[in-house]
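**Student:** So that we are looking at the same thing, I have put the structure below in structure tokens.
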């Protein structure tokens with residue numbers, strides 16, 4: 001019998017937050033690059049590409065961490081670690097996902113290919129960075145930001161000031177929310193020697209997260225003022241600021257389950273700012 005349930009969990013399709021956190025910045029970029037009206041074709045290419053590459057990243061991560069995950073309470077029952085999915089099955093799934101992503105890539109301009117290659121290389125590198133890099137979230141930030149330049153190029157736009165602002169917003173956002181995520185596993189990671197910004201930032205973790213959130217949310221104001229955005233953008237911006245404040249409240253006591261909840265709440269921030277960008281460009 002084919003272990004469909006195990007495959008779904010290996011690809012994290014049962015946990016769509018990862019897909020959403022990769023999709024929202026790409027959607028922001030598509031809306032910015034197309035003045036609020038991206039084509040259906042572009043939307044479908046990038047949406048499916050997001051799902052395929054995020055799932056591929058999960059498979060790569062689980063292959064690399066299969067001997068580590070059994071020592072972490074949250075990950076010890078992942079399909080590869082528990083034996084529900086074999087290593088050969090995981091490689092076959094990875095091959096299928098990469099081929100599907102390549103087929104989508106062929107529909108985009110050639111310059112998108114270069115960023116896609118960078119994205120794949122970083123995706124393969126990231127799990128191993130947790131062994132030797134004190135801040136592997138920096139690598140994750142690059143990997144999860146490659147959809148932004150690809151969206152601009154696919155839309156026929158240069159990598160302009162909008163791109164720079166958005167890239168900085170997303171890069172900072174990723175480091176902030178993934179540090180929250182890493183705070184969930186901090187005790188286990190310290191025992192087994194896995195590195196993360198949650199460990200590297202030490203007692204300054206909450207302060208640095210707060211500074212990153214203030215920085216990136218302020219950049220949205222810079223963008224909005226430059227675009228002469230109407231009042232409804234600022235209303236949604238204030239709503240999103242409330243979400244960030246709630247996240248900071250959740251992580252204040254550094255309770256693992258609350259840190260994980262704070263990470264999940266990031267999805268609401270991405271959604272609200274997607275609406276804000278869309279309305280600002282109408």
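Glycine residues also receive a Cβ, built from the backbone N, Cα and C atoms like all the rest.
Dumping what Swiss-Prot says about this protein:
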{"type": "TRANSMEM", "residues": "17-37", "note": "transmembrane segment"}
{"type": "TRANSMEM", "residues": "40-60", "note": "transmembrane segment"}
{"type": "TRANSMEM", "residues": "90-110", "note": "transmembrane segment"}
{"type": "TRANSMEM", "residues": "113-133", "note": "transmembrane segment"}
{"type": "TRANSMEM", "residues": "135-155", "note": "transmembrane segment"}
{"type": "TRANSMEM", "residues": "163-183", "note": "transmembrane segment"}
{"type": "TRANSMEM", "residues": "207-227", "note": "transmembrane segment"}
{"type": "TRANSMEM", "residues": "231-251", "note": "transmembrane segment"}
{"type": "TRANSMEM", "residues": "262-282", "note": "transmembrane segment"}
**Student:** Hey, would you say the transmembrane segment (40-60) packs against the transmembrane segment (113-133), going by three or more CB pairs under 8 A that are 6+ residues apart?
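**Tutor:** These two stretches do touch.
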**Student:** Among 113-133, 135-155, 163-183, 231-251, point out the range having the most Cβ pairs under 8 angstroms from the transmembrane segment (17-37).
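**Tutor:** Top-ranked stretch among 113-133, 135-155, 163-183, 231-251: 135-155.
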**Student:** Which residues of the chain, 6 or more past the ends of the transmembrane segment (262-282), have a CB below 8 A from one of its CBs?
**Tutor:** 17, 20-21, 23-25, 27-28, 31-32, 35-36, 173, 177-178, 180-181, 184, 220, 224, 227, 229-230, 232-233, 236-237, 239-240, 243-244, 246-248, 250-251
